[in-house]
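K.L.:
Pulled the feature table from Swiss-Prot, pasting it below:
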{"type": "TOPO_DOM", "residues": "1-30", "note": "topological domain 'Cytoplasmic'"}
{"type": "TOPO_DOM", "residues": "52-61", "note": "topological domain 'Periplasmic'"}
{"type": "TOPO_DOM", "residues": "83-94", "note": "topological domain 'Cytoplasmic'"}
{"type": "TOPO_DOM", "residues": "116-126", "note": "topological domain 'Periplasmic'"}
{"type": "TOPO_DOM", "residues": "147-158", "note": "topological domain 'Cytoplasmic'"}
{"type": "TOPO_DOM", "residues": "223-280", "note": "topological domain 'Periplasmic'"}
{"type": "TOPO_DOM", "residues": "302-325", "note": "topological domain 'Cytoplasmic'"}
{"type": "TOPO_DOM", "residues": "347-356", "note": "topological domain 'Periplasmic'"}
{"type": "TOPO_DOM", "residues": "378-397", "note": "topological domain 'Cytoplasmic'"}
{"type": "TRANSMEM", "residues": "31-51", "note": "transmembrane segment"}
{"type": "TRANSMEM", "residues": "62-82", "note": "transmembrane segment"}
{"type": "TRANSMEM", "residues": "95-115", "note": "transmembrane segment"}
{"type": "TRANSMEM", "residues": "127-146", "note": "transmembrane segment"}
{"type": "TRANSMEM", "residues": "159-179", "note": "transmembrane segment"}
{"type": "TRANSMEM", "residues": "180-200", "note": "transmembrane segment"}
{"type": "TRANSMEM", "residues": "202-222", "note": "transmembrane segment"}
{"type": "TRANSMEM", "residues": "281-301", "note": "transmembrane segment"}
{"type": "TRANSMEM", "residues": "326-346", "note": "transmembrane segment"}
{"type": "TRANSMEM", "residues": "357-377", "note": "transmembrane segment"}
Amino acid sequence: MYGLEMLEKIKLEYDKWACLTPKNSLYDRTLVWLFLSLLMIGFIMVTSASIPVSTRLNNDPFHFAIRDSIYLACSLLAFAFVVKIPMRNWEKYNVPLFLLSLLFLASVLIFGRSVNGSIRWIQLGPINFQPAELSKLAIICYFSSFYVRKYDEMRNRSASVIRPMVILFLFSSLLLLQPDLGSVVVLFVLTFTMLFIMGAKVMQFLLLIVTASVSFILLVLTSEYRLKRVTSFLDPFADAYGDGFQLSNAQMAFGQGQLWGQGLGNSVQKLEYLPEAHTDFVMAVVAEEFGFIGIIFMVVLLLCLSFRAIKISRDALKLEARFRGFFAFGVAIWVFLQGSVNLGVASGALPTKGLTFPLVSYGGSSLVIMSVAIAILLRIDYENRLTRVGHAQIKEP
């Protein structure tokens, strides 16, 4: 009986949702379909790309696929829970989230688990949690609240950018000790673009960009590990069996895909030639199995998701809901930047960074946190629509 009641409730909710047109719907259907499409594609590609390595490591071709399905279920549960949380709660508790993220980043240096020479994960029972993913969400939440409180000051006083820079330096220092330069790049771009939309002065913005660029160059030149990554990126085939092994095989995957690809499951490079085929380099497998058309399709999905987030941000700012607007803009930049960098790395256009493709690459932390970010976007859009309805009712005679 309980099961029948649950099914009946689900049917009623679906009927209510289905009878609404996109114009009067309380949720952005396009955003939901984009989210679900990327999750579905991600599960299919992780399953395809992970079969060889899963068979070798665990004698089970679907070991990583099963784990990914668990992460997928957790992501959907997190999505369903977070979409119910009012945005005022995120604004109210932005500091505790910020401090929690900082604590996790510090803890990973003490209790962290080393994988491929980097200490980026904390063992939490059967799962590995990557605090760097939480830090991106925490930075967006904290800066959105900070910019709301300091909006006028940010536009008139040069000293107002000092606190964001100090916070960015603190997070970046902890991330570089792991080391995780990719996440540092994401945080830098997030901070600068949010400063830009806040109306920071042009000279401030240019000074920050120059400072960041010089810092990045120094970080590369003073680290043999990072320098090797850059030099191997410039010519991966010069040391195809050494530092350039991963990039050279990724580029071969792109080349073999040609226009239409080899077909789902027919990738050669995933047969233990391409390391991390189901994580950071899953887009190389997409390119080999679905070709140039497949990559274009993924880019279109990424752009649609990013532009949808920007539209939600613009709508919120028009309604004078600055926290919601800044938050949505931060998520838009995060999604677009991380997807672009991942694709650039996989295609050989950028040095390897260790960043996942949003909602597609294998990785529980990335999948759950990104799903939470999309749920917040949906919540922002929902509150925007409620605000517009309220304004319309007030204007009625």
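Residue positions begin at 1 at the first shown residue.
Note that Cβ sites are derived from N, Cα and C of the backbone, with glycine treated the same way.
What you are looking at is a predicted structure, and each value in this text was computed from that prediction instead of being measured.
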K.L.:
Okay, the transmembrane segment (281-301) and the transmembrane segment (180-200): do they have at least three CB pairs under 8 Å, pairs separated by 6 or more?
P.N.:
no
K.L.:
Per the 3+ Cβ pairs under 8 Å rule, pairs at least 6 apart in sequence, do the transmembrane segment (95-115) and the transmembrane segment (326-346) touch?
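P.N.:
Judged by the Cβ rule, the two regions do not touch, with the required three close pairs absent.
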K.L.:
Under an 8 Å Cβ to Cβ limit, what residues of the same chain, 6 or more beyond the ends of the transmembrane segment (127-146), are close to it?
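P.N.:
For the transmembrane segment (127-146), the sequence-distant neighbours (Cβ-Cβ under 8 Å, at least 6 residues beyond its ends) are 90-91, 94-95, 97-98, 100-102, 104-105, 107-108, 113, 115, 120-121, 163-164, 167-168, 171, 175, 178, 180, 183, 186-187, 190-191, 194, 323, 326-327, 330-331, 334, 363-366, 369-370, 372-373.
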K.L.:
Check for me, if you would, whether the transmembrane segment (281-301) reaches the transmembrane segment (62-82) - at least 3 Cβ pairs under 8 Å, residues 6 or more apart in sequence.
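P.N.:
No; fewer than 3 Cβ pairs under 8 Å.
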K.L.:
What same-chain residues lie close to the transmembrane segment (31-51): Cβ under 8 Å, and 6 or more beyond its ends?
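P.N.:
Apart from its flanks, the transmembrane segment (31-51) reaches 61-65, 68-69, 72, 75-76, 79, 264-265, 267, 270, 277-278, 282, 285-286, 289, 298, 301, 304-305, 308, 312, 357-362, 367, 371, 374, 377-378, 381.
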K.L.:
So if I exclude everything within five residues of the ends of the topological domain 'Cytoplasmic' (83-94), which remaining residues of that chain have a CB under 8 angstroms from its CBs? That is, six or more out.
P.N.:
138, 141-142, 144-145, 148, 321, 323-324, 327, 375-376, 378-380, 382-383
K.L.:
Where else in the chain does the transmembrane segment (357-377) make close Cβ contacts, counting only residues six or more beyond its ends and a cut-off under 8 Å?
P.N.:
31, 35, 38-39, 41-42, 45-46, 49-50, 64, 67-68, 70-72, 74-76, 78-83, 87, 90, 121, 127-130, 133-134, 136-137, 140, 278-280, 282-283, 298, 302, 305, 308-309, 312, 327-328, 331, 334-335, 338-339, 342-343
K.L.:
Considering every residue in the topological domain 'Cytoplasmic' (83-94), what is the mean pLDDT value?
P.N.:
94
K.L.:
Could you give the residue numbers and ranges of same-chain residues that sit at least 6 residues beyond the topological domain 'Periplasmic' (52-61) on either side and whose C-beta is under 8 angstroms from one of its C-beta atoms?
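P.N.:
Contacts of the topological domain 'Periplasmic' (52-61) (Cβ under 8 Å, skipping residues fewer than 6 from its ends): 270-272, 277-278.
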